[in-house]
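One structure below.
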């Protein structure tokens, strides 16, 4: 903000919400809600007051706004309203042209005042005589019965009960009880309750909805219950952990009231023989105590490990099972992990579908990349695999880790039936170019066959290694409950419709950087024109002279890399237990996934990496279209008609710091149990490991943490980056790669890193990684950061850029050594085509690695105190140091 030399600025922001109007106005007092934002620009002896009045309730016809100052502020003149002052009280009335305010409409008001002494901002406003007390709050409601995870018999009474409270002087008018979208019953007075007697067998999601006297509503958190067709034994929790030498308990009851006594017996039916029932092996239930849980005690021996299944059964009743895991006495971490693990995996808590698929969230209403909570993502699968890997480490039971990978493989990796025409893929012409656009309303994007795509250099070697044309990678998004009804079921389902009671592949986000979750269009991955328009959904995104029925999938590389990382730890931990054979088959599949994950290393249309500022920039040949970073996505597709004879594949030229995973790269490059089988897969991952670490270092600035990324295709259309933009191997710096609404990194000046990977410090635990990872240095080796203040006015979305930017450019791995080879130095310092900016110079100490002729790859680490010795080396890109620039420190 520019400041007048004699003036000082004062910015006061107040958000005050009005809750009423006086009687006789167009809206009733209890119905009106409004907001007033107040700011003041103060120059010492006077100020300008700016107010924005927003109507949040029903339409208003005629308004009067009042507030008071605490000091001697005197009105000089006002605008956009009839301003007056009496003592300390200020009144603003509407003019003839702005008396009507529709719902959510705003009006800006302003006035100049003089004062002396202290200028304290007003703390209270009133609208039409009523003090602003805040927007009317919705009521609160909670379902208190039944209990989450309860089991009932069909025809039994399920007691529904809720508590509800209204706010702001309103009263609760009624509470409704729902099973999903079906209204079960209503109660208009407390205590709010309803007995449900007609529940059908199956799983039900129950919730309460409260209404208040002003029409506001609220819904309770849903509770899941299970209804069985006949009487059943009920056991809870469904999973339990018991330490060696100790015991644990679970509860048993009946699903409904019996006509006579019922005897339940509990025994171990499979698994770890070190676990036994030591109490409650035989339980008797009557018509009086059938709903009260009785405890069963399970004891563990002193040396066993692994899980066992205990079954509670009674004649004429469906049995219940509980999985009990015996663990070593390893400490608080393991105990807390297993407690959390058992809560997450307990079916009563609703984290998984009936197929065992992890939901993105338990709640269905959510706003994130998925637009419905009971969708799932490859991200969720990757965390499931990681959780089961930790479970294997703690318990020694690796069956759940293998099962998690198999579940992901079944439901998230398209089978051959889902991608049937890959054999027609032409690696010399991977895909037809279509530019990306800034705004969704600029779509569809016209296909342009006149733009030359590069060659795909890895398709042939992948087919040779694995004997298939199909891609082994996760599609990123799935509609687990088939809410949208497309019915693209894994295993070949293509628009089977809403009656399909199975998960469905779906896709979203295909209209540029500004397409938010509110604007995206969910669509089927297999589009045979059964839904949408005459061309299905295709003509919403791509312009073409004609359209063909087709399938298409998109991979999220960070999720695949995380699954690979989890498999690496599973392999490491299983080897330590002498159980590497238990996980070897799954770990090998992780290596296969990593082989295909290399498609994320390539420019979207396989253009040559670096300085590609026009669609006519050179097409890649060999590996010169490979940036070796984990980009935002890779995708593939083809015709549904096996006689059509075409398929396509694309990478992505935009890479985000948060998507990088150097530990996964290390594992794929060095762990023989999971190394890719292709001819150049291992070499590519070795280069990727080095390139990712360089990427982190390039993005680190003296005033900002690691955030943002780089792109080979500015604006998704090979445009020209802003003048002076920093580059990484010729790719332009972008503080918000790929998505701008919301941005994929925090806005400029926040000083926070967005999506900074949790894997960044992990290589420090891997000896072979430590010596080459600059991120394992002590904190003092990083440049000192000074927090930056945000400007009072946000920059335009078109022009805003994160500041400070990374080093001007980065073109090689580390600094040039005496022998002319940069790759020998395992912890290289930065080499740039221009020297560092003065703000990025080292402070206090810096760690440098210098290579000596003592032998290949031999390095010496030295820590020097400042002032650091400086030189102007003659290596590539540094021989012409710009005048006025400082030489870099060594």
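A Cβ is built for glycine as well, from the same backbone N, Cα and C atoms used for every other residue.
If you look up TrEMBL, you'll see 379 marked as active site, proton donor. Taken from TrEMBL, the feature active site, nucleophile applies to 558. Among the features that TrEMBL reports, compositional bias 'Low complexity' is placed at 750-798, 828-882. Here TrEMBL flags 813-822 as compositional bias 'Polar residues'. Among the features that TrEMBL reports, domain 'CBM2' is placed at 27-135. Under the heading region 'Disordered', TrEMBL lists 742-890. Positions annotated as signal peptide by TrEMBL: 1-29.
The sparsest Cβ neighbourhood within 10 Å, among the listed active-site residues (379, 558), is found at 379.
Taking the Cα atom of each, residue 558 (active site, nucleophile) and residue 379 (active site, proton donor) are about 8 angstrom apart. Note: the domain 'CBM2' (27-135) comprises 3 helix, 58 strand, 48 coil (DSSP; helix = H, G, I, strand = E, B).
Across all of the domain 'CBM2' (27-135), the predicted model scores a mean pLDDT of 89.
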